Structures are given as structure tokens and as C-alpha cells.
Amino acid sequence: HRIKIKLKHLSQNKVKTLTMKKRILALVTGGTFDKEYNMINGELFFKDTHLPEIFQRGRSTLDITVRTLMMIDSVEMTENDRSIIAQNCKRTESKHIIITHGTDTMVETAKYLAESGIEGKTIVLLGAMIPYKFGMSSDGFFNLGAALAFAQSMPNGIYIAMHGECFDWDDVRKNRESGYFVHTKNQS
């Protein structure tokens, strides 16, 4: 939702409408989303986040601040790392937060955040099964766009955005055989 404020200029008797965009904080933690490919040895590695480049390519007009907290594979994520993520979510004035995260332990981090006493914020974790740098074969573009939309439209809470779907933090798991995130509760 956008907030419209009408300002009346006393000297001109004109009414202007200003649209205030929601401030979104994008926290970067690493994961496949931001991995790069070394063509010499065939390994994946981290360099920098690709979020600013993606926002520019997508012609985003949103008010987004990008903050890199860490660049790690989520299987290496510790409780201390999750605490850093939670503290950044608590301290920011932004009410709308997206977090890039590796898919292997994304559900564990979502649970940690839900149990951290964060209130009054909509937090959406997202990842990718294929790195952004692999081009159009990456699902990262799609998941990022969905996460941005969900962060602005869902009620306060912790969510995971994968495959165009918004999962509640306590109703999701990664199916390691298919590579898809699925609901854990019965869907009507």
C-alpha cells in the first residue's frame, strides 16, 4: 500500500499528491543466489552481492537499502550468524525486510527469526537453486521479485519466498529430492 499525502500550497491553491514508498531493507547472507562460477577450476565462490545490479536491470523504483552481513553457504551458518541477522532485523527502522539466504538452512533461520521476538515487521527470506551469474537459467530473479512483493503486501511475520509462493515460516520445508519447497501443513 502506498501512503498518499495531500499538501496545499497556500500561495498557489494547488494540491500536490506525494507518494511515499515503503522502505525495504535487503540483508545479504550469501547462498547460491550470490555465488559466482570459476571457469578454470569449476568451483563456485563468493565475491560481492549481485542485488544492486539486479535492481538496476529490473528497473526497480523501490526504496531499497542493501546491507551485506555475510557471504557464506548456509550449511556453514551458525547460531551466532543467525543472531546477527536477527539483531539487524530488530534494529532497522524499516518494517519491510528481505533476506537472501542459502536454501539448505533457510527454514532453520526463518524459525530462529520467528522465535527472536521481532515485532511489527514483515520479513521474507529468499534463495536460489541456480546462481544469478548463470543468467536466465537462474530462479533468483523470480524469487527476488516475489520476495519484494510479499515484503510489501503480507502482514507482519516471517515468510519464505520460493517458486513464486509465499510460505509461513512454520509451514515449509525443502524437499531435498525434488529441490522444491513444500508446505508441511495440509492445504485446503
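Positions of Cβ are set from backbone N, Cα and C atoms, glycine also.
As annotated by TrEMBL, domain 'L-asparaginase N-terminal' applies to 23-178. Across all of the domain 'L-asparaginase N-terminal' (23-178), the predicted model scores a mean pLDDT of 87.
Annotation source TrEMBL lists active site, O-isoaspartyl threonine intermediate at Thr32. In three-state terms derived from DSSP, Thr32 (active site, O-isoaspartyl threonine intermediate) belongs to a helical segment.
If you look up TrEMBL, you'll see Ser74, Thr103, Asp104 marked as substrate binding site. Cβ contacts within 10 Å of Thr103 (substrate binding site), excluding its own Cβ and spanning all protein chains shown: 23.
In this structure the alpha carbons, written CA, of Asp104 (substrate binding site) and Thr32 (active site, O-isoaspartyl threonine intermediate) are 10 Å apart.
On a Cα basis, Thr32 (active site, O-isoaspartyl threonine intermediate) lies 8 Å away from Thr103 (substrate binding site). When secondary structure is read from DSSP and collapsed to three states, Thr103 (substrate binding site) falls in the coil class. Ser74 (substrate binding site) falls within a helix when secondary structure is assigned with DSSP. Here the recorded positions are Thr32, Ser74, and the one with the most other Cβ atoms within 10 Å of its Cβ is Thr32.
Distance noted between the C-alpha atoms of Thr32 (active site, O-isoaspartyl threonine intermediate) and Ser74 (substrate binding site) is 9 Å.
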